[in-house]
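Here the structure is laid out as structure tokens; the discussion comes afterwards.
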Amino acid sequence: MANSADLSTPTTEHEPHSIGTHTEEEGTMDDIFRFEDDFPDWSTGFDSSEWEVSDGEDGTDTGEEKQYTDKKRMFKLKGFLGQLDTFYQQKKLNLLQAREELKAFHLHMTELEENRDKIELDIEREKQAENSVALLRLRAQHKRVCAELQAEEDLGAHLAMIVKEHELELCQVEVELGHFLALRQELELEEKNVQSQDKKKQKLRFQREKSIIKQRRHKAQHDKIEREKVLQQQAEVHRKQQEQALASHLKAAVYLKQTLQRMKQKEAEAEERRKELIKKRQTAVMTLKASFAASQEIMFTRKQRQKAYEQKQSEQEQHMKESLEAKGLNSIEYIHRLRLQERFNKKKAEFEDTQRVGKMEIVAKLLSERNMKERHRKSLVLSREKKRDEKLLQNILPPTAHTRREEKHVMSSPRASCVRSYSDSDVSSSSDFAELKLGECVEMEVEDKREMSLAQPEFTGLWEHKHKYDMATSEDLETSYTTMKTDMNKGLVSKAAKKTIKRRESKGPPFISKPEIILFKDVGKVYKKKVTLTNVTYTTNYCKLLGVSQNLKDHVSVSFEPPGPMSAGMACELEAIFRPLLDVDLDGEIHFQSATGPFSVAIKCSKKTCEMVVDHCLVDFGTHVVGQTVSRVITMTNRGALGTRYTLTPVSTRPLQQTFMSTLDSGKTGSLEMPSLNAENTADIPSGIDLRPGVSPVSSHSPDEVLTADLGSVDTKAEQSTYEPAEFSIEEAYEGDVGPFMSVKIPIIFTPTIPGEAKLDFQIMFSQPGCEPIVISVCGVAESAPVWVTKPNIDLKICMYDRLYQDSIEVQSRASSALRLTFKVCKEMRNHMSVLPKTGFIQAKSSFSAQLKFLPRQSLFADAKSFFNKDTGVLEVPLTVQVADQVRPVLFTAHAVVTSSDLLFDRTEVDFGHCSVYESSQTSVRLTNCSLLPQEFGFVGIPKFIDVQPNDGFGTLLPSQSMDIYLIFSASKAGEYNFTLTCKTGINRDFLLSCHATGVQPSLKLSDCLVEFGGTALGDRTTAVLYVENQISSGPEAAARLFAFSVPDNSDITITPASGRVLPGQRCLVQVTFSPTLTDDVIKAEAVRRRKEFHTDTSSCQHTQPDSKSKIETPLPLVKDQGSKVTPANSSPVRSPSPADVQAGSFEYLAAKASLLRSFTERHTRHVISCFTSTSDTSEEPRYSPHETLNLELRCPAVRPALLLISDSHTIHFSQVAVGQKVLKKVIIQNISSESVKLTSSLLDVNGPFSVLNGMRPIGPEETHVLLIAFTPSVAKKYYETLEVSCSQMSLEIALCAEAVDPIITCSHEGHVDFDYVPENESASQVFRLQNLSSLNVRFSVLLDSQRLTDVMDSTAHVGTQNHSGLSVFRVSPSGGAISPAAAADITVTFHPDHESLHYRDVLRVKLLDKQTVCVLELRGSSCRHNMFVCGGDPVEDCSESLIPSHIYTSVHQDSKSLLLTFRSEYQEGKAIATTRKLHVGCVLGSKPATKKMVEFVWENLSPVEQQGFRVAPMQGSVDAGHRRPITITWMPSSGLAPNAVVQACALLTVRGDDTVVYRVIMTAHTDKNTAT
């Protein structure tokens, strides 16, 4: 391998400046051929003496070894020559590269020289032009080019040297190739010889295989005959097994029927209990409901009462307050004092009640303490003696019924049922034992009594209830003591008192008895017993018999003679005689009186009882070998005087399945599942056990049969018996009788059959009701045989047919001598399984290994049906090892799962159809592994025009796994393709697949058949460009072609143009745009899901956090609907939300869309778009050929957007906007990525109406940016622009749409608005209406010229007199607003003068927001100081007035005013025509009350006027308030009046209202000279 490393291709660089590194990287010829020292001189050939000598030396070897050596030498030589050829090709390639670089160098030099010459010419030209700046620049370029030329010349010399070196090396390699030419020819001859020898060997192998096949055929025929015989035998066995199974099934059916009946009965009982429980619950619910209703009604009634009481109290309080106030008292103080008094009385009553209760408690406590002390003092001595007697009786006598109840928990334990064994048959001889017992326990009992006397119950009640019987007895004794206390010998007491000296005081009773307890046990006749009383005090004492207990007076008599005074330590005797009249237990005492106090001796009389004990409660058999039989004996003794009958039954302390499984696991002999016992039957006698002598309770089957039996048979037997006994049995005496004071021996036999630990509990039950059962535990450990198999279950795992599998069998021996082993395989498996060697010897305490061979054949199911399950493929074969001198063989089992090795295609033939040469056609084939083992596969020998994926056709199939294999066909030229694909598995099996395809040459071609878009964010778009080319430019087939892309509906793909026409030899540009979005269906589905989650969370919160008031509320009333179903009254059928209910643009819709955008994960979609092409475009309806259809594959990855547009859509509609109006829209952009982004935006039309008012800025994660977009139209038309907001990850396109319209506003008034005379400081209003006739809201503003301070010149021309206060005399409301389409707005103009004037003027202008004036009104008004006015006539003074009040400068009041009337008469037909003028006298209706409600007027001094031809009518009159009255003045020129002559007259008009004003009316008349005749 070192040679191949030396001849590896060196890395070459294509840059000119790195050429010098070639010689350093490449090795020299000496390094390349340094391995020639290991070989002879190849140039001299292989006939040299060295090879002949080596052949002669190796002549002793066989021909095969020589042939192997020749092959080895040939392959080594062939590898060397191949390396040499590779080296030659490398050197040749290096030379070509160097020459190419030299050629490129020359071209570069030529370009530099041409550039230099060009620069020199430019320099000369600039010199002539005297352009110094250009001259300096050209000289610098010339200098730089010259320096580059100089560097390139040096590089050219270096390149030329490198080319020469490569040519020299190539020549050297060619010379070396010539040296090895003869060697190459000799190598070819040797290869031909080797091939001929291989053919000969192959022929011999074929002949040998034919002979072997012939032998196997004869053997197969013989095996077939043998198998037919075996099949017949198996059929007979199978028939017998079916008959047995049928019989077992019939037998099991009986038990199954009984079991089913019991189950049905239990189910019926359970159903009845359930119904009763439901009924009780319903009753309870109804009761609770009624109680709730009643409670609610009571509470309501109480509230009403309380409310009525409070109302009554308040009424009384109010009445009292009124009465007190009527008396003149302070009601508040009085009521406050009453409340304080009530509160004080209430507290006083509560305190008295508390004090009274406390006193009662103290008195009750004192009385109870006194009673307790009295009872304790009286019963202290008796309780001490009784407790001491009870303890002594418990140690001597058998337990009574009272003590049995206390010791019941001890007897219930199987380990604690054993009683201490001691023999005590004679009752009279027990006195010595009692004396010893008393001697040992006197001191301890005395001290215990002292300690117990100090114990007092902390809580009364339980103690008294527990010792009720004892307390009653002590009270009876107390009564007897009080009666006998009066009969005491006062003399003895006095003597004892005289002799009492100051000494130690004795504690305890003054006399002790021996025995301490007088015991009569198992009585049946008259008994006598002597008792010795000993004085244990420190003084002389006396003893007197008082009597026996009440319950013993009819049964016990005492013979006692008082001994008189007894010194300390002296004793006396008494005799107790017991005559039993009833068969009951009696307890009592003999009472005595001494000088120091009373004492008593306890008596216990017990009837005949039966007391059973055993010598051992636990029987441990130890460790024994499987198959042995061991016996143990248990002795059961009756210590009582009554006989009984006993019964011995086994008890299972745990489920039998667990016991049996633990035994099997500890012995490692198998894993059979056994039926378990019910817990309720563990203490009963099983029906399937036989405890007769000689019959073992163990199963009648041997361990081998249990291990080899089929699981089905085990289950059948388990159904027949509900109990499986353990490995212990009882020979005899499983039941019998035990007499009084007799013993019975019970033998227990241990027969282990399974290795491991075995345990069983036996229960001995007695016929006497007073005898508690005794539980005996039996345990033992079984060891396996001396020879065993270390692996009793050999698992061969999963095996395939016709393949060999092996495993080792290890046998261990603990015997002390060698043993002969024989391995046996069942007859059915001999063609598939064998053990080698079949016979062997195992040494003492060692191991022996054998080889298990398994070769499953296809006939496995036919040969071994009983061991092999064809459906599951599971094989279980029992194998045995026969050990010499051992009856029981060693069993073990071989397990395997046999499976096939087939691979299956879902179809046998694949047709790709017509495929374009510019595209690839893909189809899928499903390959399934029918085996239970993984299999490696690979497609080999694949043609160049086919591609198999994935992983180039190689892979691994898991068990029962199916994989889609993609076959990609790429036609290289038009034509038919028929080929076969070969799938080879790892075990060298072939599976064939036939394929067919047709290659087609289309008329059009796509420049790119695959377009892969980059990651495009939702809301963004990406565009790719491709061409549709018509490659046929000339010839008869050259013609224009049509194409049409079929884009699927509702997709994110847009193709422009979707169809077109391509001329011959030309191409058409096509743009493909990918713009991923979220569909409405997806958004609405998300909205529905969010709504459901919200409802779920709300309902869960209502359930988990209910209102506290709901606990006391009554249940909701129930109503019945039409379907008679009971439902809550407040419940309503809630329809589940539907996507159709979600409206686009609603809040839910936008929230769901934002949620989807935030949680969006990367999505990859693939689109295949068909491009249909037509053969010609001459026909009206082009015909598209399906075989020439082009396919465009688009791979479109959509990613999560970085920016989120928080608005309805990506289009902002400004709707209709009035021209000149400015409308603002806000666009909120949020960064939903995890990084900060920098926002940029595209430019809008600078002359357009749209503009962005704020700039862009970087925003961090979860931050927002608000864009203010303004629309200010100047021309009425529709506008559309696109604003692009982008960052580094994506771009958002926002469409701006708007429409500008001209507003149309009309006014109800035109010209001017006149206000009649208005009194000073009063106001009058008029309303005019603005009507909007346009289709959009129009905002307007109302301006007065008097308020416009900017345009003074324009305002003063139309503004008249103003108020002296500085406030505007005219007021407008509202001053601005908006009018909806087809709506109107009322504008109120108010006239409010503050002084008298006839020249109030102003101009009202209605303007829109674009400063367009749509309405101009002149406002006029007059004001008078009094309630009368006269108007009409010609103006006699300037209308403009100063804002300064007139009374500031003129203090004289002018009561007369002047009026001018001008008359002009015309001549018609030579006659003058009369002229008429009118004056109006009015009365103002003001808001202030006036003394005079009307105005009167009268003309004075009319004679001169009438002489001039003037006539006035009426002469006088009156005017009501709020009205006007016209005065007509007519002038008729006189006949003698000269033309153009002026006539003047003056008259006085007096007007009387709240004041009197005289108007001087000047009348001037003339005739028109233009009309005079």
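Including glycine, each Cβ sits where the backbone N, Cα and C put it.
According to TrEMBL, the feature coiled coil maps to residues 95-129, out of the candidate ranges 95-129, 165-199, 900-934, 1145-1179. With a cut-off of 8 Å between Cβ atoms, the residues of this chain six or more beyond the coiled coil (95-129) that come close are 12, 14, 16, 19, 22, 135, 138-139, 141-142, 145-146, 148-149, 152-153, 155-156, 159-160, 162-163, 166-167, 170. When pLDDT values are averaged over the coiled coil (95-129), the model yields 88. Each residue of the domain 'CFAP74 third Ig-like' (787-899) gets a DSSP state, and the totals for helix, strand and coil are 7 helix, 64 strand, 42 coil.
Within the domain 'CFAP74 fourth Ig-like' (905-999), the DSSP-based counts of helix, strand and coil residues read 3 helix, 61 strand, 31 coil.
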